[in-house]
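Since the structure comes first, as structure tokens, the remarks are kept for the end.
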Amino acid sequence: MQPFTVLESLGCALPAANVDTDQLIPARFMKEPRSVGYGQFLLYDVRHDEQGAPDPEFILHRAGANDAEVLVSRRNFGAGSSREAAVYALVDYGFRCVIAPSFGDIFASNSVNNGLLPAVVEEDDAERLLTALGDHPAEINVDLVEQRIRVAEVDVPFTVSPVWRTKLLNGWDDIDMTRQHEETITRFAKDYARKFSWASPQPPETNIISKG
Amino acid sequence: MSTPTTLFDKVWRAHEIHRSESGQSLLWIDRHFVHEGSFHGFNKLGERALPVARPDLTFGIADHYVPTLARDLDGVADPKVRSMIEQLSYNTQRHGVTLFGLDDPRQGIVHVLGPEQGLTQPGLVMVCGDSHTATHGAFGSIAFGIGASEVAHVLATQTLWQTKPKVMRITIDGQLAPGITAKDIALTWIARLGADGARGYAIEYAGEAIRALSMEARLTLCNLSIEGGGRCGMIAPDQTTFDYLRERPWSPKGEAFEQACAYWKTLYSDPSAGFDLEVTLHADEIAPTVTWGVSPEEALPIDQALPDPENISDPAKARQARDSMAYMGLSAGQKLTDIKIDRVFIGSCTNARIEDLRAAASVLAGQKSRVPGMVSPGSTLVKTQAEAEGLDRIFIDAGLEWRHSGCSMCVGMNGDLVASGERCASTTNRNFKGRQGPGARTHLMSPAMVAAAAVSGHLADIRTLSSQASATGVY
Ligand code: SF4
């Protein structure tokens, strides 16, 4: 994964609370293979009317939005389902950072696994950033080394868990990290199976073999 | 003497393989459920040409995309939907993973099937690529939803990196009044603490009212933990749990069951164990509750009226309330019981177990629903049981559709949709914008309350509905 250090880009303001994963990508699009590019589904029902016509006023349809890599929103961003597709939609659209006062837990860890930084700011600071960005994509600087965000005169700190920061700074992948512990895992599994023998599921005597 | 420990910490510790310098724990995973959405995870595994590390601890379940009108793939018009179901069969068969597929009499929604089959047990760590995995915590396991990258990680290693959450306890003292259910407990605490009120926490539910809940009701309560932002929800196992598990198909048998039980009995929070946060409610404070907005925190007792954003001092909250009312087509100060509905849905991993169907049927018995609607049992075994009890007849006679089991109208991706602008009284877990279909308006409530809404044509208070419903005493 591409390491994340300092991002100098355009930011979009999405001034809404509880932007849940069902809004980020409606479930009906999730049967598509990733190769089609999930960016087209991002916030689909929010930015299109019932006939599928795009709302020209919506921030993602403003000039410059295609180049934006940062999204600023309100509290509880990414609440709801565990669908990683919500992160794919953001990442495939081109976003590398979302800034909000709080995030859904699963969404935040999914983000980090895809190189997307979930930056947590104070509620007041989120409002200042939203105001500074206004209703058009505007310049923004996100510095993961210093943990600061700048838009024009506004300069605010953000937090991210130290573990996630390290992963993002280095562009690390979990599976690589874990396989270094293979021996420890094998030893643990053996001990565990002895200690909690009943926890290994035994198929019932009259098991059914499902073909699907 | 060892230090007093919470239930959560006891289970966590037994699964910690390694702790990194930065404080992340590598956890052992006892059960991994994969549904149709797991194709992203399997594809990631394929990219690295890795096998499934522990097929014996992995279980495939077809639920999210399955048709509820018929039990075969021929009825699935959308080739992409069909392919989702087929990919699950292919991926599980290829890797030697047990499948509960469309052809299986045990098929059902993962969070109904796991407990029913005895795969869910106390003291385990369980994961699934679905946020309502929290449901399984009702047995005293740590169970939580994961994303596709994590699914791939668990498939490849049977482990997962996690940062230990803080632990909160929600205690419900006293006894619930008749007609008050686990759904009402959940909506009440979420309305009080907010949809992110438990963010960063594992939740333990405790207290007299919780102990008195059946296994089914405990599952409903833990299921909704995620709607309050919780990482997971747990209830200490007790006799109710053990009795439920004895003789389940995948439960330990004979001597092994006794050994397991002896261990399970040690799984409770020590009396002086410290919690990072304690919240206490009295059962008297809990009324039949419904949501009126587009977040589960926007919930109120049924006898109340919608708030007036003008009177909300916090500008962010006022803005949210205005926005929610606009989407829901409701106005400030409107009485909840005046809200007319267009359809009902009884189903989902939250409220489609046998008790839920009985509760709804007891209200609908001999009555007609004033609106169309659908009942989709939580599993095929629940369906069979309900039919044996004649509940299907009650629903059909009331004018509702009796469907097969699946996620159905909870998520609207298998063809079961609420039309745009339509208002649905639903036993599901999410009233998000567009959750049940683009433009759909969802009101969440308990099964008996959905049934009450069906016979009334508008949201209704189960307590004042009909004496004949309460006379049966089922709900
Ligand atoms: S019923 Fe709904 S919430 Fe439950 S597993 Fe299915 S889609 Fe998820």
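Cβ coordinates are placed from backbone N, Cα and C, and glycine is handled just like the others.
Curation plays no part in TrEMBL annotations; they are all automatic predictions.
The Cβ neighbour count for B:CYS349 ([4Fe-4S] cluster binding site), using a 10 Å radius and every protein chain shown, is 27. Positions annotated as [4Fe-4S] cluster binding site by TrEMBL: B:CYS349, B:CYS407, B:CYS410.
Taking the mean position of the Cβ atoms of B:CYS349, B:CYS407, B:CYS410 as the [4Fe-4S] cluster site, the remaining same-chain residues with a Cβ inside 8 Å of that point are B:ASP63, B:HIS64, B:ILE109, B:HIS111, B:HIS132, B:GLY347, B:SER348, B:THR350, B:ALA352, B:GLY406, B:SER408, B:VAL411, B:THR428, B:ASN429. For B:CYS410 ([4Fe-4S] cluster binding site), the same-chain residues lying six or more positions away in sequence with a CB closer than 8 A to its CB are B:PHE345, B:GLY347, B:SER348, B:CYS349, B:THR350, B:SER426, B:THR428, B:ASN429, B:ARG430, B:ARG435, B:GLN436. DSSP assigns B:CYS410 ([4Fe-4S] cluster binding site) to a helical segment in the three-state reduction.
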